[in-house]
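Everything below concerns the one structure shown next.
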Amino acid sequence: MGRVVSGGIRVPRLTCLVSDRDDLTLLTAMADVGVDGFQVRAKKLSGRLLTALAERVVAAVRPAGATVVVNDRLDVALAAGADGVHLGASDLAVAAARRIAPGLVIGSTCRSRADVVAAARDGADYAGIGPVFATASKDGLPDPLGPDAIAPAVGVLPLVAIGGIDAGRVGEVLAAGAHGVAVIGGIWRHPDPVAAAEEIVSQIGG
Ligand SMILES: Cc1ncc(COP(=O)(O)OP(=O)(O)O)c(N)n1
Ligand SMILES: Cc1ncsc1CCOP(=O)(O)O
Ligand SMILES: [Mg+2]
């Protein structure tokens with residue numbers, strides 16, 4: 001499902017964000033139905049516990065070929081043997097992460113085409129663009145960008161849309177030019193998270 005974008009790096013089409021509060025026993029089933037990316041995002045865990053969580057996620061989904069990225073922490077991504085790291089505005093700078101880890105997948109949070117251009121210049125592999133829609137999963141974000149913000153940012157890096165995305169909204173963000181989507185509530189707050197993930201996979205198609 002993921003496609004090679006450069007240097008052999010596959011940027012996932014569907015990234016499921018995973019925290020320590022989620023049912024980790026479902027991860028292998030999600031990977032088996034086609035979730036090709038997982039992001040370990042547990043903001044309150046110590047480095048040690050976050051590493052243990054990331055190792056568990058890697059063990060659960062790597063056999064199916066899914067990519068695992070750690071949110072915020074390059075050191076944890078390296079320690080856990082993850083494929084990459086997702087960096088936001090208050091994390092290590094993309095350029096510094098790229099110097100330290102030439103072979104890792106690096107994602108960068110972006111809110112505009114200018115952000116995406118800067119992320120590409122600094123060595124990012126993909127841009128996480130959002131929040132596209134309103135989200136209940138994170139406080140303190142700027143107003144939703146709306147799906148119309150995607151098209152102007154296309155053509156620099158693969159865009160992974162995030163924020164309020166579920167199976168019913170995947171179509172419009174992909175039509176706007178997003179390469180993929182990243183999801184919390186649309187999977188984990190669904191009564192059947194594996195079925196919800198499979199439905200998003202089917203909306204993305206091959
Ligand atoms: C794919 C993707 N895009 C954006 C984000 C947001 O990352 P960040 O700005 O670092 O905020 P937190 O997730 O750390 O709260 C993301 N995690 N993934
Ligand atoms: C971490 C983050 N950054 C922008 S939106 C978001 C949360 C996405 O969660 P959901 O898929 O439940 O809207
Ligand atoms: Mg972050």
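Each Cβ is built from the backbone N, Cα and C atoms, and glycine gets one as well.
If you check TrEMBL, you get these features:
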- Gln39, Val40, Arg41, Ala42, Lys43, Asn71, Thr109, Lys138: 4-amino-2-methyl-5-(diphosphooxymethyl)pyrimidine binding site (BINDING)
- Asp72, Asp91: Mg(2+) binding site (BINDING)
- 20-187: domain 'Thiamine phosphate synthase/TenI' (DOMAIN)
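Proximity of the binding-site residues Gln39, Val40, Lys43, Asp72, Thr109, Lys138 to ligand 3, judged by a Cβ distance under 6 angstroms to any of its atoms, singles out Asp72 in sequence order. Of all Cβ atoms in the shown protein chains, 13 besides its own fall within 10 Å of the Cβ of Lys138 (4-amino-2-methyl-5-(diphosphooxymethyl)pyrimidine binding site). Note on the domain 'Thiamine phosphate synthase/TenI' (20-187): mean pLDDT across this stretch is 98.
Under the DSSP three-state reduction, Arg41 (4-amino-2-methyl-5-(diphosphooxymethyl)pyrimidine binding site) is assigned to coil, being neither helix nor strand. Cβ neighbour count for Ala42 (4-amino-2-methyl-5-(diphosphooxymethyl)pyrimidine binding site): 21 (other Cβ atoms within 10 Å of its Cβ, all protein chains included). Long-range neighbours of Thr109 (4-amino-2-methyl-5-(diphosphooxymethyl)pyrimidine binding site) (same chain, six or more residues apart, CB within less than 8 Å of its CB): His86, Leu87, Gly88, Ala89, Asp115, Ala127, Gly128, Gly130. Here nothing among the binding-site residues Gln39, Val40, Arg41, Ala42, Lys138 falls inside 10 Å of the CA of Asp91 (Mg(2+) binding site). The 6 Å Cβ screen around ligand 1 retains Thr109 from the binding-site residues Val40, Ala42, Thr109, ordered by sequence position. When the binding-site residues Gln39, Val40, Ala42, Lys43, Thr109, Lys138 are checked against ligand 2, Lys138 have a Cβ within less than 6 Å of one of its atoms. Every protein chain shown contributes to the tally, and the Cβ of Val40 (4-amino-2-methyl-5-(diphosphooxymethyl)pyrimidine binding site) ends up with 29 other Cβ atoms within 10 Å.
Most Cβ neighbours within 10 Å among the binding-site residues Arg41, Lys43: this distinction goes to Arg41.
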